[in-house]
Amino acid sequence: MTMEPRVLRREEWDSWYGSLIRAFGGVPEPAEELELFRELTRVDRSIGVWERDGEAEACVGTTGSFDFRMTVPGGAQVRAAGVTMVSVAATHRRRGVLTSMMRRQLDDVRAWGEPLAVLTASEPAIYGRFGYGAATFSLSAEIDTSRVRLSVPAGTDDVRLRYAAPADVLDACEAVYARLVPGRPGMLARRPGWERLALLDPESGRDGASPLQCVVARRGGEVTGFARFRVRPAWGPEGAGGTVVLDDLAGLDPATEAALWRFLYDVDLTSRLAVRGRPVDEAWQYQVSDIRRCRPESRDALYVRLVDVGAALAARTYQAPVDVVFEVEDAFCPWNAGRWRLSGDAKGASCERTSDGADLALSVRELGAAYLGGVRLSSLGAAGRVREVRAGALAEASVGFGSDVAPWLPHGF
């Protein structure tokens, strides 16, 4: 028997995707979702590991990637491979299947000239050895809207809200999203077709809640924001106690955002607002009367891997002037290993090979974690994951790598 990693062929998609679904528990996806991902999957960027036994073949490993552009500090949108659909059959664990796929995939990403690879991890412990570092975090909350009050900024009352069928206002909502992308690191410039993810609404995924609802915000005649949500009714001895389940919210200005949040707090017959996957620096946290009754929690979200260290570090800007030499360790992508001089500021940067002595020593995993500005190099240094060679270099680089806006991945892939 032989195992062969190779690029997926269109006629193999059903077998390949079936292997993926089985690895994630085997629960069939709703037909609408299945067909959308069939359309979105880039077959030429997808890999399967196939075991051949005589004339028979079976798929025992899957991975793929989407060709994204991701915002980085400074506002540039950098090419990034969105790694997805990673699985290994339970019958073939610890046989090198995952390593062979990651090897082929990162070689391909390099050949395509994409300086970054990014992913969301079902099991975070897996991906560090391949050079991925946790670069963004997301905020969840369970807000007791019967007890928590919201203090809103000036102009909030000028915002007009209207219900709309989600499909009818999809283009307007997508236009709002597109305007927000350059302003926050980690956001993805969506290709055509991706906006349809927001409309997926199978009954099996509602957990007792209503079909998807949408409210659109207008200010001065312009659509300035939207909220997509569901309502899960509940009744007890004291009356109604339903939950608003937020799916997505976006606003072009603070007043629009506040108006949308205030609306969600005030939905009739509800006393709770469930929030998932929001930016960790979102303003509502500082507008509430009692943050403890919001039960905020943070968790890891996007993992970043620098495939081309020089191109990736030169593609972003830096909050403060930085001139440091990194000694980079990268056993899995050895073309990155060695010394790199990064010189940059708020206007731009360069990153080139150098023979000069190192100022900081770290692995490519730490560079990935710090890349979007959400994880401080100084924190990684305190954890023993960055070694300072030149005194003061760690503080200099840590300040430079920072971002005023927390990086955020708005949706999975």
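Backbone N, Cα and C define each Cβ position, glycine as well.
Sequence-distant neighbours of Tyr127 (active site, proton donor) (same chain, 6+ residues apart, CB-CB distance under 8 A): Leu119, Ala121, Tyr303, Arg305. Here Swiss-Prot flags Tyr127 as active site, proton donor, drawing on sequence analysis.
Marked as active site, proton acceptor by Swiss-Prot on the basis of sequence analysis: Phe413. The Cβ of Phe413 (active site, proton acceptor) has 20 neighbouring Cβ atoms from other residues within 10 Å, across all protein chains displayed. A coil conformation is recorded for Phe413 (active site, proton acceptor) in the three-state DSSP classification, outside any helix or strand.
Residues or ranges marked as acetyl-CoA binding site in Swiss-Prot: Val86, Ser87, Val88, Arg94, Arg95, Gly96, Val97, Leu98, Thr99, Ser122, Glu123. Listed in sequence order, the residues of the same chain lying 6 or more apart from Glu123 (acetyl-CoA binding site) and placing their CB within less than 8 Å of its CB: none are present.
Positions annotated as domain 'N-acetyltransferase' by Swiss-Prot, on the basis of sequence analysis: 3-155.
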Recorded acetyl-CoA site residues Val86, Ser87, Val88, Arg94, Arg95, Gly96, Val97, Leu98, Thr99, Ser122, Glu123, farthest C-alpha pair in Å: 20
Surrounding CB atoms that lie within 10 Å of the CB of Val86 (acetyl-CoA binding site), all protein chains: 23
Model confidence over the domain 'N-acetyltransferase' (3-155), averaged pLDDT: 95
Cα-to-Cα gap, Thr99 (acetyl-CoA binding site) vs Phe413 (active site, proton acceptor), nearest whole Å: 21
